[in-house]
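Q: Pulled the feature table from TrEMBL, pasting it below:
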type: DOMAIN; residues: 180-455; note: domain 'SAM-dependent MTase RsmB/NOP-type'
type: BINDING; residues: Asp294, Asp321, Asp339; note: S-adenosyl-L-methionine binding site
type: ACT_SITE; residues: Cys392; note: active site, nucleophile
Amino acid sequence: MTDRKAAEKSSREIALDILIEILEKGDFSHTQLNRTLKTQTALTKQDRSFITRLVEGTLERLITLDYILNGYSKVKVEKMKPFIRNLLRMSLYQLKYMDQVPDSAVCNEAVKLAGKRGFKSLSGFVNGVLRNIARNSKGSVFPLEEKEREEYLSILYSTPRWIIEKWLKDYDYETVKNMLAAQFEEKKYTTIRVNLAKNTVEELTERLKEENVETIDGNYLSCALKIQGFENMESIKAFAKGRFTVQDESSMLIGLIAGIQEKDFIIDVCGAPGGKALHAAELLKGTGMVETRDVTDYKVALIQENIRRMGLPNIKAVKKDATLKDEDSILKADIVLADLPCSGLGVIGKKPDIKYNMTREKQQELVKLQREILSVVSGYVKAGGILIYSTCTVNREENLGNVEWFTENYPFQLESLEGLLPEKLPCETKEKGYLQLIPGIHETDGFFMARLRKNT
Ligand SMILES: C[S@@+](CC[C@H](N)C(=O)[O-])C[C@H]1O[C@@H](n2cnc3c(N)ncnc32)[C@H](O)[C@@H]1O
C-alpha cells in the first residue's frame, strides 16, 4: 500500500486490519504489528501507541469481549462476518477499557468503518449492539465466582479454561489469580541487559539520556535497566551499536545460575535469537567459547545478526537439530544450556496470542520434545559438568515434572542455587536447585530454571 493510501486510513482502520490478519489468518501479533507500523510512515508517535494499545488490548481481552458481545447480539460472535466481529471486538475494547475515548465517538467511528468497507447494511446492527452496551451502566452478568470458579476466571481474565484448570492443579487459587491479573499490567518499560563488554551501566545510562530514553534500575540485577520513551528499538543508536540487548531479568538469571568460569566451553542447544548465549559469552570475559545452535537457517541468521551487533569474539552460531545426537559433542561441554521450546505460558502478558494458540495437546507434545532433547543433549555434558534446563512457562509438567523425570533416568543431580541468585530475589527452592518465577509475584516473566550437575 502507498503512503498516500495509508494516510487515508484512520488509526482504527489500521488496527482493525491488523486484528483481522492475526485473528482470522493466524499471523503472530508482534510480527503483524511491527510490519504494519514500519510500513505506515505517515503515522505520528501518538497514532502508533494508540494502534498498539488497541490491537494488544483487544487480543488480551478477547474472551471477555466475546462473552459480553454474545450477551447483546442474537447472532453469536463466531457466526458474524469476520470484519464485523473484529470491528465489534475492537470497538467494545475502547468502550470498556480506554477511558480517554468518548462512547459516542467509538460508536460513530464503528458505523463509519462498517459503511466504508462495504457493510452499510450492517451498520445499524453495529450501532445497536455498541450503543446498548454503552447505555447499560450495570454491565454484563458474569459467571459467579463461588459457583463456577473456572468459568469465572476464564471469562474475567480472558484465558482459555484448560489453562485455568491446569494452573489450579499446580498452584493455589490466589496465586492463579495473581498470575492471571499480571497479564494486564501496563507494560511501561522494556527491560534491557547492558553489554558490559562495551560499556558500563553508567556510561549506557548517560548515552540513553542523550537519546531522550529514560532509564530506571532493574528489579534484581545490576546489569539490568528498564527503559521507556523511545518509538522503536531499532531507532536507538546505542541498541544498533550493541551497547545493550533486550532481555527479561528472568533470562539473565540463566547466566548467573550456570556458574560460568573463564575458559569454559558452553553449548547452547536451542539458542535463537541468542539472548542467553550472548550473556554467557560476556560472562566468559573474552575467554572460552559458546557454541549456540538452532534448527533452521533463519534462526541461525538471527543469532548471527545479534552476535555481530553485540561484537563478542567468543561465540559462534551453527545449525543443528537438538533432537539428533551430535557425536562430536559427546562429553565436550563444561556447561550445556537447554532453554527449550515450551508452551510459553509465562509470557502471555507480552504475547497474548500464545494463550489462544496453545492447546492441551500441543503442550503434551512439547513435554515429549523437551524430554527427547534432554535425553540427547545431556550426553554433551562432561562428567562433573553442568546442565541448565529452562523454559518460559509456568506449567509444572514442563518444568519440575521434567526435572524429576530427568534425574530419575539420567546421571544428574539438582544442585543448590545458593550464592548464585541475587539476594533480593525471593526463592524458597534455592537450596533444592530450581526456581519457578511467577508473573504477579516476581515482577518478571513466568520462567523456570534448574541447575543439574552430572555425576562424576
Ligand atoms: C525458548 S527459544 C530459545 C531462546 C534462546 N535461548 C535465547 O535466550 O534467546 C527455543 C528455541 O528452540 C529452537 N528449537 C526448536 N526445536 C529445536 C530443535 N529440534 N533443535 C534446535 N533448536 C530447536 C526454536 O527455534 C527456538 O529458537
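Glycine too: its Cβ is placed from the backbone N, Cα and C atoms.
Neighbours and distances for these, please.
A: Residues within less than 8 Å, Cβ to Cβ, of Asp339 (S-adenosyl-L-methionine binding site) and separated from it by at least 6 positions along the same chain comprise Ile254, Asp268, Cys270, Gly271, Lys276, Ile388, Ser390, Thr391.
DSSP assigns Cys392 (active site, nucleophile) to coil in the three-state reduction, outside any helix or strand. With a 10 A radius on its CB, Cys392 (active site, nucleophile) counts 25 other CB atoms from all the protein chains.
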Q: Mean pLDDT for the domain 'SAM-dependent MTase RsmB/NOP-type' (180-455), rounded to an integer?
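A: Averaged over the domain 'SAM-dependent MTase RsmB/NOP-type' (180-455), the predicted model reaches a pLDDT of 96.
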Q: Relative to the mean position of the Cβ atoms of Asp294, Asp321, Asp339, the recorded S-adenosyl-L-methionine site, which additional same-chain residues have Cβ within 8 Å?
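A: Near the S-adenosyl-L-methionine site, the remaining chain residues are Asp268, Val269, Cys270, Gly271, Ala272, Arg293, Val295, Lys299, Lys320, Ala322, Pro341.
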Q: Least buried of the binding-site residues Asp294, Asp321, going by other Cβ atoms within 10 Å?
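A: Among the binding-site residues Asp294, Asp321, the sparsest Cβ neighbourhood within 10 Å belongs to Asp321.
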Q: When DSSP states are folded down to helix, strand and coil, where does Asp321 (S-adenosyl-L-methionine binding site) land?
A: coil
Q: Can you tell me how far the Cα of Asp294 (S-adenosyl-L-methionine binding site) sits from the Cα of Cys392 (active site, nucleophile), in Å?
A: 17
